[in-house]
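Single-structure report; data block below.
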Amino acid sequence: MDKIKNTLQDSADDLVFFVNGKKITERNADPEMTLLTYLRKTLGLKGTKLGCAEGGCGACTVMVSKYHPRRHRIINHAINACLAPLCSLHHCAVTTVEGIGSVASKLHPVQERIAKAHGSQCGFCTPGIVMSMYALLRNNPQPTMHDIQEAFQGNLCRCTGYRPILEGYRTFTKDGGCCGKGGSNGCCMANGYTQDPVNANSTLPAQKLYDPSEFMPLDPTQEIIFPPELMSLSKQPQRELRFMGERVLWIQPGSLKELLELKAAYPNAKLVVGNTEVGIEMKFKNLLYPVILAPAYIPALNSIQHTRDGIKVGASVTLTRLGDVLRETVKNLPTQQTEVFKAVLEQLRWFAGQQIRNVAAVGGNIMTASPISDLNPVFMAAGCKLTVMSKGGERVLEMDDKFFPAYRKTVLRSDEILLSIEIPYTRKGQYFSAFKQSPRKEDDISIVTCGMNVCFQERSNIVQNIRISYGGMAPVTVLATTTCNRLLNRQWNDELLQDACTILADEMSLSPSAPGGMVTYRRTLTISLFYKFFLTVQQKLALDLQKEGIVVEHIRPDYASVTELFQIDSPSSVQLYQAVPSGENGEDVVGHPVMHLSALKQATGEAVYCDDIPCYENELHLALVTSTKAHALIKSIDTSDAMEVPGVVTFLSAKDVPGSNLTGPIIYDETVFADDKVTCVGHIVGAIVADTHAHAQRAAKAVKIDYEELQPVIVTIQDAISHNSFYHPVRTIKSGDVAQGFKDSDHILQGEIHIGGQEHFYLETNCTIAVPRGEDGEMELFVSTQSASKTQALVAKALGVPANRVVCRVKRMGGGFGGKESRSTILSTVVAVAAQKVKRPVRCTLDRDEDMLVTGGRHPFFGTYKVGFMNNGKVMAVDVTLYSNVGNSMDLSLSILERALFHMDNSYNIPNIRGTGYMCKTNLPSNSAFRGFGGPQGMMIAESWMSDVAHSCGLPAEEVRRLNMYKQGDLTPFNQRLDQFTIDRCWVECMEISDFSKRKSAVEQYNRQHRWTKRGLSIIPTKFGISFTAVFLNQAGALVHVYTDGSVLLTHGGTEMGQGLHTKMIQVASKTLEIPSAKIHITETSTNTVPNTSPTAASASSDLNGMAVYNACQTLLQRLQPYKDKNPKGGWEEWVKTAYFDRVNLSANGFYKTPDLGYNFDTNSGRAFNYFSYGVAVSEVEIDCLTGSHKNLHTSIVMDVGKSLNPALDIGQVEGGFMQGLGLFTLEELKYSPKGYLYTRGPGMYKIPAFGDIPVELKVSLLRDAPNEKAIFSSKAVGEPPLFLAASAFYAIKDAIASARAESGLTGPFRLDSPATPERIRNACEDRFTKLCPPAEPGTFTPWAVQV
């Protein structure tokens, strides 16, 4: 490498490109640097965000424009800046969110609409979504709703639930914001937004959350032009370019000849076009490729030719371009010729996201040789021809089962490159299908993928030729040759089907320990997907032969839905809330749908998050060194290699902690750095400090730790039970006489359910900047945390200084959800210790994979229950035991377990109930707070036994639930009386707006008419207690300064993480002081303005801080009252000035504590909660019984939020919470190895809901006339309560599965664990295909992943 370096030192080229219209000439372009790093660190453009570094979340989306001389036009594409190598941008124009508009100058309509439609909460994903939309509009100024949904396939948002984003951007479509229902049939336009499109008999008027008529129009002529200089540069003949970095040489050859010569000279060089694979290998697999060849712009590799046999596509052609060409061809050619093209297009619909498809090359997909490639099985089944070339000449290969000799290997020699692929035409009597099954429909890697190709003898149903190829069933893409050979010359009928399934089950076997797990499901899928193909072909064949007068059997009408391709429907929605009469004081904005105060800044990229703070002059970067073993002694740490990495300053470990190495949010059972023992994979052992983030990370990976492994390694709840590994205390809540209750019951049933954990996946990972102030041990911290005071306290403890020397400041977070309540301190303490040691500012922003590894998530729970009930479904007694997987330290787990027990009854009045809770001590990173805080797990177990009771009685579940529901004045198991009980009102309204009874009969009819797709319907209530369960936390402070010009600076103890807390606090202050909200400002939350704050958590922040703000404002009003009385006609500014000259204190602090709280577990007495929030949801889903996929068709939610402070924010919380719950109960699955290693460490493996997962129809109503006198201005908490309502989708899925099982003669209760993933749904829909793939006996093998 050094030899290469020396020869190149002088000849490296300049990289020339434009950013936001400004020319950039980079003399030292580093091939390892991404565009994102360059934008943020070199150019200081912080609007583009780092969310995952693997192209899976879209937070880093920018638009790249390039003039293509061969196509004579400028191409605009959205791309992921986190993957795009800087060197790939020669002669490109980059547009970032800053380049299209700003609050300071002028907003772009794309920025304005997402903000005003309430589509930005924490705002961290907003710039990426804005840029995806912007790129779409640059290519298509009047898109359809389908175009918009497709453009967002590569973008994720964790806060909003997506609905407001789609709705705001619907206004750009041809229909201009119409819901698409057409005519007067409930169309949103037909009723001018005033009449409610809920249903015909409803009397509730729909209100608007914003007015689309205020939006600026889109004027395509005003966009930034493509730089003319680039246009002329792009027309010049290509020449070879070379860029040399610290470790990597990047060569962009100018011609095919140069490329072949380079490949001969550097046979191990990687060819990179989109960097969507190599970029990930270099980052996450720690691989290094010293030479990279970039053939993206070589004409021969970009050509597309129509040949006699098909279409020949150059290997550098992007997937987007391939899709465009194939779509055009399908339109113009007879349908029998384009079967393979249609299959490729079907796979491309679900291939990654738009940003990846825009840059990823066809050749890259083939040569990566991934066993789960979406396209390779299609190419293999079609028998595509590949032209490969070297300096010595070219050869043509067929893609068959010999093309991939081993895992991620092809038969190409090291000096050969793939030149092109020829995708063949099909002929009459030939049928082709491709299928992909993945956990989530959009932007997901496949579990099993396949291509299937059959040719029939002329005018018959006799198989002449058949090729079936699978991905995900071996280390390589495979052909099912045995099966295919046995099907030749046979009639396409049920007998062939039976044989094919039996042979496939045998041929496509997998070891029970196979990587990727899900073995039974994958084996079943191979057969289920073949069955789909069989029916699709049978249907087409019957129709085609019928035209020729030949009659073969048609498929049964109730099987027809199997042959339909998955369609994404355009979503429609309704939001209902009680409008505040406009007659009230014009300054009073409480109760109005005010936009989030930072939304516009967030949409332009001007909102500052922790890592956006400009670098200090002498700042250093920190990277963590973490354990690779789950339970081991540390024998030695060797840092010699690490210290040799350029730029490294120091390594820190336990001995460098100046104060106490002990830490923890409540009890000090954790360490800042592991001392002599590690107790989980991801345990922080040390840290490297270096001059750049890249150097620090490279050095951290070079630290070698020698371990002595310890036994046992306890990973799962079952492990903990068998090893009796529990934390103390064990908690119990008991009410009534359980034993007597069981005696009085007609029936008793027992059951169990496991509820998986959940990763927070806040879009902004944990970040801390520590700045030592150089005197008296002072330190200033900028942290992304929900708990500024806890951070201050634990940092002071680690540094060995009093808390008054440490200031912690929080401007805003890019999402928190509980994940930054206590776990953010594990990073802050480390960074502070480092800054203290090197006496310079130190910054650390965790990468997504590190964040997911070290911070823990929602507690997995296992519940066992015994229920006694009467014939009519009335539950008499329940005995439930809860086990939570706590991890390697206590953290907040006791409070979480207590909340789970407080919610074990959900909304049901059970006369005799006992709940016992155990905390399992395991070798996993400590689990922590997560929206709901144990409540959803406790209620999920309650709904599980409630659903079993309904199944056992054979009664409709909604009747059994209603029969057992609480009434006004009832007592809970912890002896709290339910007053202001509104759940029955929510239930009635929810039944009405969802049209439940009509919907139910429609579902029953659908299920009678369809065998392989089923629908399910469910209604679920929730009751959520509001207060911290630790009494001392129910307090808050505020500080209000009034300046002499009349402006007001407000500070309170809560932090802003997207929930709109600052917006609500300004509304409260504005109403109390009776001044316009424009006069009030909040800068940040900091420990030197309001001390000893509680974390922003437990949904109680508006209640607590709102009252504290109110209290401070009242104090100020009292002081100003004499001046108002003297001068009643004066204004606010006048009164303030007069008071100031009269030497009145214009600063006041406020305080509030929630009264009468304090529950005692020993006596089962005292008030646990200040009040309860209530809600009810109805959901309808459709499942595919053959693959386990499901579709959310409808959800109606009625939520009691008291008198809403801000309906726009509250509806945003309801929808966002619901979608997060939908992830928890139907999609998100953490995968751990039996040794405690986390596999799911980024959006590639861990799937949160995407745009396509929102219910097709979503109605949200805030209950009217339900004031709550226990909180500020009669409002109610709203953050956590709605999350559990997503259980309605889970139980709708369970309802649909029950209908499928009934077809196989299976009735009665069955176990369905959460989340209801496609795997669990498919395995529960037992049928003749699942019988062919029985699971291996547990204990006879080591599984790839375990249920923790």
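Note that Cβ sites are derived from N, Cα and C of the backbone, with glycine treated the same way.
The annotation active site, proton acceptor is assigned in TrEMBL to Glu1280.
Shown in sequence order, Leu36, Thr48, Lys49, Leu50, Gly51, Asn80, Ala81, Cys82, Gly128 are the residues of the chain, 6+ apart in sequence, with a C-beta less than 8 angstroms from the C-beta of Cys60 ([2Fe-2S] cluster 1 binding site). Among the features that TrEMBL reports, [2Fe-2S] cluster 1 binding site is placed at Cys52, Cys57, Cys60, Cys82.
Taken from TrEMBL, the feature [2Fe-2S] cluster 2 binding site applies to Cys122, Cys125, Cys157, Cys159. In sequence order, Cys125, Ile129, Ile165, Leu763 constitute the residues six or more apart from Cys157 ([2Fe-2S] cluster 2 binding site) in its chain with CB-CB distances below 8 Å.
Within the same chain, residues at least six positions away from Val273 (FAD binding site) with a Cβ under 8 Å of its Cβ are Ala294, Pro295, Ala296, Ser316, Thr318, Val359, Ala360, Ala361, Gly363, Gly364. The FAD binding site annotation in TrEMBL covers Leu271, Val272, Val273, Gly274, Asn275, Thr276, Glu277, Val278, Phe351, Asp374, Leu418, Lys436.
Per TrEMBL, Mo-molybdopterin binding site is recorded for Gln786, Phe817, Arg931, Ala1098. Non-local contacts of Arg931 (Mo-molybdopterin binding site) by the CB criterion (under 8 A, 6+ apart in sequence, same chain) comprise Phe817, Gly818, Gly1217, Gln1220, Gly1279, Glu1280, Leu1283.
The substrate binding site annotation in TrEMBL covers Glu821, Arg899, Phe933, Thr1029. Take the CB of Thr1029 (substrate binding site) and look out to 10 A: across all protein chains shown you find 23 other CB atoms.
Summarising the annotation, TrEMBL assigns domain '2Fe-2S ferredoxin-type' to 13-100.
Under the heading domain 'FAD-binding PCMH-type', TrEMBL lists 243-428.
Around the Cβ of Gln786 (Mo-molybdopterin binding site), the number of neighbouring Cβ atoms within 10 Å comes to 29. Of the binding-site residues Phe351, Phe817, Phe933, Phe817 has the largest number of other Cβ atoms within 10 Å of its own Cβ. Annotated [2Fe-2S] cluster 2 site Cys122, Cys125, Cys157, Cys159; additional same-chain residues within 8 Å of its Cβ mean position, judged by their own Cβ, are Ser120, Gln121, Gly123, Phe124, Thr126, Arg158, Thr160, Leu763, Gly814, Gly815, Gly1058.
Taken together, the residues in the domain 'FAD-binding PCMH-type' (243-428) have a mean pLDDT of 96 on the 0 to 100 scale. Residue pair Cys57 ([2Fe-2S] cluster 1 binding site) / Glu821 (substrate binding site) shows a Cα separation of 23 Å. Closest to Leu418 (FAD binding site) in space, going by CA atoms and restricting to the binding-site residues Cys52, Cys122, Arg899, Ala1098, is Cys52. Put simply, Cys52 is the one of the binding-site residues Cys52, Leu271, Asn275, Thr1029 whose Cα lies nearest to the Cα of Cys159 ([2Fe-2S] cluster 2 binding site).
Each of the binding-site residues Cys82, Cys122, Cys159, Leu418, Ala1098 was scored by other CB atoms within 10 A of its CB, and the lowest score goes to Leu418. Geometry remark: Phe351 (FAD binding site) versus Arg899 (substrate binding site), CA distance 41 Å. Closest in space to Glu821 (substrate binding site), of the binding-site residues given as Cys52, Asn275, Gln786, Ala1098, is Gln786, taking the CA atom of each residue.
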